[in-house]
């Protein structure tokens, strides 16, 4: 048998201290003789107390060992715990994204027997020919993003759209060297966060751009004029980008998403791999919340924790994406052709932060129970179990109290605490008549023991009808 060395040492210390204490106690008894002087008695008594303290520290009787055994649970840095209501919000965000994505299935996602029905024809460049016409997939991805953000119910939002080729063309017209276009793009992307002076400083001092060229790129009036200037139209990049944007806006109008779109020339998306349209969604509530007097609330951490209080933090963009024709091809074994892609990423944590600010946690339903089966008087445990089983078989989420004879008030309290919308109330008399009562727990007008009496055989259909309306 294996033993911990510390336990062995601890056991030896305990045994040694116990023997010493026992020996001293016996000796102290002998010292009670009238012939023993008081000084010797006091010295032995002090030694006895010292041994007693040592023994207590080993056994933990003085509380010191107990205090050493206590520990505090803390989440690792970079992670956090969520309570049940916060998790309900997060799960809603994920389920919303999944449900929207499932509505937009693609043929290339098929596999097995279905995949054999799809035939790919490759053109001379190695790309699949005739798979999609220009901008159709781009517009659908933007539509998907809008569907998700609308379903989140985060309030008003706007999707800023631009085209990398338009930006590249404008930079070329302004005289920005080709090697500096990507670094300058990342600086321009900060125009919605920093004043022009700061962006210009980054362009000139950090990126090495000529100050005169920087002034030309920052002039918004000049950008408006560039669209009317023949030099803009004559640039291949800007011409291609403008034609793509015209087609994109046409398709977005058909999809009913144009009212959420803003053509923003300052949007640059600093990542190098974007090759076509780029977009970024910003919610009205993306900025830090303000106090009643209109002043911005200072960031703070939760009490007794290093964790940042998300209700006091601005979140920036909540979704972003674009076209990237070269990125996937960089990792492909076949280098003959590009692999065109368009996509979007949704900032789940940022959406969660907005919903956390917007929703009162007291109103969040942390469970999915739809019906609570309760009984009056006799408890009727077996009948409650039978009714729950029937509801489960019918696909209704139901629960009951795991007690033989629960009191009525605690059963109602469960419905209130967990926001269960409906209750099935049974009693001996109702069951003898083949009836049950269904009570809408959200309505206080029915009284505590109210509800509509219906036939037992109609219970499932009646509940399904009410749940559809709820």
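Glycine is treated like the rest: Cβ placed from N, Cα and C.
The L-histidine binding site annotation in TrEMBL covers 269, 273, 274. The feature domain 'Class II Histidinyl-tRNA synthetase (HisRS)-like catalytic core' is assigned by TrEMBL to 137-287. Among the features that TrEMBL reports, domain 'Anticodon-binding' is placed at 370-465.
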Fewest C-beta neighbours within 10 angstroms among the binding-site residues 273, 274 belongs to 273
On the 0 to 100 scale, where does the mean pLDDT of the domain 'Class II Histidinyl-tRNA synthetase (HisRS)-like catalytic core' (137-287) fall?
73
Sort residue 273 (L-histidine binding site) into helix, strand or coil using the DSSP assignment.
coil
Helix, strand and coil residue totals from DSSP for the domain 'Anticodon-binding' (370-465) stand at 38 helix, 23 strand, 35 coil
